[in-house]
Amino acid sequence: GAAMQRFLGPLLCLWALRLPAGTSAAARGLDVASYRERVRAMFYHAYEHYLESAFPYDELRPLTCDGQDTWGSFSLTLIDALDTLLILGNVSEFQRVVNVLQEGVDFDIDVNASVFETNIRVVGGLLSAHLLSRKAGVEVEAGWPCSGPLLRMAEEAARKLLPAFQTPTGMPYGTVNLLHGVNPGETPVTCTAGIGTFIVEFATLSHLTGDPVFEDVARKALKALWKNRSDIGLVGNHIDVITAKWVAQDAGIGAGVDSYFEYLVKGAILLQDKELMSMFLEYNKAIRNYTKFDDWYLWVQMYKGTVSMPVFQSLEAYWPGLQSLIGDVDNAMRTFLNYYTVWKQFGGLPEFYNIPQGYTVDKREGYPLRPELIESAMYLYRATRDPTLLELGRDAVESIEKISKVDCGFATIKDLRDHRLDNRMESFFLAETVKYLYLLFDPDNFIHNDGSDFDVVVTPYGECVLNAGGYIFNTEAHPIDPAALHCCRKRKEEQWEVEDLMREFYSRKKTKKFTLKRPPDHGEGENAKDPEDASSEKSGEKRNSKKSSHSLLSCPSQSFNSKLAVLGQVFLDNT
């Protein structure tokens, strides 16, 4: 009780300070709807110029109005922007792009690709679009969400990455050739994030396709990092994946490490996995003890804990959002406000900021329109409704429009001191920055669904609930519906039998009646309905939870759910 009071006491005081009676963003003169529309206009200014001047290249070069391949040759900006289209409500363009990608994207190419970037942008973008495609009015095939063209593309891309994981430690190489696998002579040094940022996409793939290999390699890599942490509980920046020797021994929460911590938390929530969460909580203690000073986080030597760089990197700004996911809103808010002061000083976050000197670091003065601070604001606004968070959103819109908008899109800011620009628009601008801004200003977006409405989908394995909220964003802001992971649990052999039955059923339609039994290893809900009864729901009409029938899947409560109650349970427990 006392410990709880110690934790909640300051939180409640801050709460009272932060939200005087009647204070709202509107009262402070911030018109949320008009900012939402400005963000929408921002998206289309960038997106239309990409289509006009850069497609089918990966990225738009906004100063010369042309395109370039950066991370492969996948029309990357199109894949990355696809789910943002739906979040903005544009179903017709979403449908068009799905067709374009099916026709035009090929992963059988002689290209050296970043394993990390291909996973988060391509695999993540395709999985998210696959799971949202029915909501976007795409005609999905009979076995969806356990099959579909975008899922097959995501699986194909992920298979191209698997050779990277064939190392003595299970930690992957950083680069793979999509045609030939790992190049002879490839460097064995990979950054920590490049090893620990796979569980969200790969576990989703395994659950949807029934092939465990993806989740297995992702888990093995996570555990190898955990095993190689230092005695004081920290991990460094780069490691040799053959020998497991740390090459860069700086420990912190920013570049090179960041999304490893993020995926321990998000993987724990997505998979209801206590082991991943306890790993994170252990790291969290070490990070607090060794790297945190006055609500800033510094870089320290991973074995000794001595400060190696007193800098804040813009990539670290995801951390308050991550803290909010584990319920540590008070600390999150204090760190967020530190980072926001830097934004206000420069009109953006420089890549590196020297904390003691209060200024940028030489050669690191740029802001490539990164999303991380806005991402944290979006999460914290859901948790607190503090209007200060909307003000960061306002400042971001004003800054980006004023400094980086050009005739052909939005350009990376090369130097925040004199506003020089660079001829590049990273695909994450449309995947993440614009998406998080829009979601900050759109409280009623379907992404924020609290479970009060949902779709019931009939799959070969019984009914399942989708689009009930609790989406987990991958580190490129591609939302994954956690409920989907429970739609397709099956073993490969059973899958084929059931798919044959489904095919027979759909080809004969009403001529033959039979009941599909759910595989016995399911352990959730009841047997599948007779497909005849189900055909009315094939169109997946919305149902309200209050009217839900008893045969919906239930999900056993787990003790550590209480911590993650914000995300709610994705299935309705009608017991």
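Placed from the backbone N, Cα and C atoms, the Cβ positions cover glycine too.
Remember, it's a predicted structure, so these values are computed and weren't measured experimentally.
Over in TrEMBL, the protein carries these features:
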type     : residues : note
ACT_SITE : GLU117   : active site, proton donor
ACT_SITE : ASP258   : active site
ACT_SITE : GLU351   : active site, proton donor
ACT_SITE : GLU372   : active site
BINDING  : THR475   : Ca(2+) binding site
COMPBIAS : 518-543  : compositional bias 'Basic and acidic residues'
REGION   : 515-556  : region 'Disordered'
SIGNAL   : 1-25     : signal peptide
Worksheet item: To the nearest whole angstrom, what is the C-alpha distance linking THR475 (Ca(2+) binding site) and GLU117 (active site, proton donor)?
Response: 10
Worksheet item: Between GLU372 (active site) and ASP258 (active site), what is the CA-CA distance rounded to a whole number of Å?
Response: 11
Worksheet item: How many Å separate the Cα atoms of GLU351 (active site, proton donor) and GLU117 (active site, proton donor)?
Response: 19
Worksheet item: Among the active-site residues listed here, GLU351, GLU372, whose Cβ has the fewest other Cβ atoms inside 10 Å?
Response: GLU351
Worksheet item: Around ASP258 (active site), how many other CB atoms lie within 10 A of its CB?
Response: 25
Worksheet item: In whole Å, how far is ASP258 (active site) from GLU117 (active site, proton donor) when you measure between their Cα atoms?
Response: 14
